[in-house]
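Student: My structure is below; once you've seen it, I'll send some questions.
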């Protein structure tokens, strides 16, 4: 048995603890010495990171260039074309446009901004009516190359979400019967969807069921509007871009433009039953 009163016997790790305390005291003294050597108390390795960069190398200023003086052009006037010269081209007469009216005419004839806006609006209406008249003469849905199928089996779907795809439309309307073709209309230039589509069913009874039940259905957080294809079933029918269509949703502001949910409210707003397409019965 050893001596019980010995410190090493009571705590075997006493020597290790003593060395650790001595090392900590030495570290504290070293840090104090560093703090006395520099006001920030940073070590030499850290102080190197904050050393200033060397001064810029001196470069002499560039020499000032002397440009040639300006000279007159009177000696070249004889080379200019005169009004009688065949090379002389008179200034182009700029015509009056709705967006860029002639300034002299504007100051002399228009006294207020309201009159200017009214004149521009009238010019745009005349141009739009002229363009619509030209397109009406060319409009014939029966000769359209992109239109095919039986019109009495085709359903028109409007107010679609612009992110809705053809597969989504087909999946939603397949519940009423087998579908032969789905055509989502896109812009010819930008290839972006226009918000409406045509669905051709295999059977007429399925199209009738979708016509009665799918109106106001919610697809991609938007309630759609369904109708029959009127272009080839209603005589003298014109689409909205040619001045036709259903409803009055573009006549003014939001108060003047009602937003009907279903087909029945649209038809009650101005279309008579005589204009309804006559759907052939299944035999």
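Glycine too: its Cβ is placed from the backbone N, Cα and C atoms.
Heads up, TrEMBL stuff is auto-annotated, nobody curated it.
Dumping what TrEMBL says about this protein:
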REGION    1-21  region 'Disordered'
COMPBIAS  12-21  compositional bias 'Polar residues'
DOMAIN    153-231  domain 'RRM'
REGION    236-283  region 'Disordered'
COMPBIAS  273-283  compositional bias 'Basic and acidic residues'
Student: Could you tell me the mean pLDDT the prediction assigns to the domain 'RRM' (153-231)?
Tutor: 90
Student: When secondary structure is assigned with DSSP, how many helix, strand and coil residues does the domain 'RRM' (153-231) contain?
Tutor: 22 helix, 30 strand, 27 coil
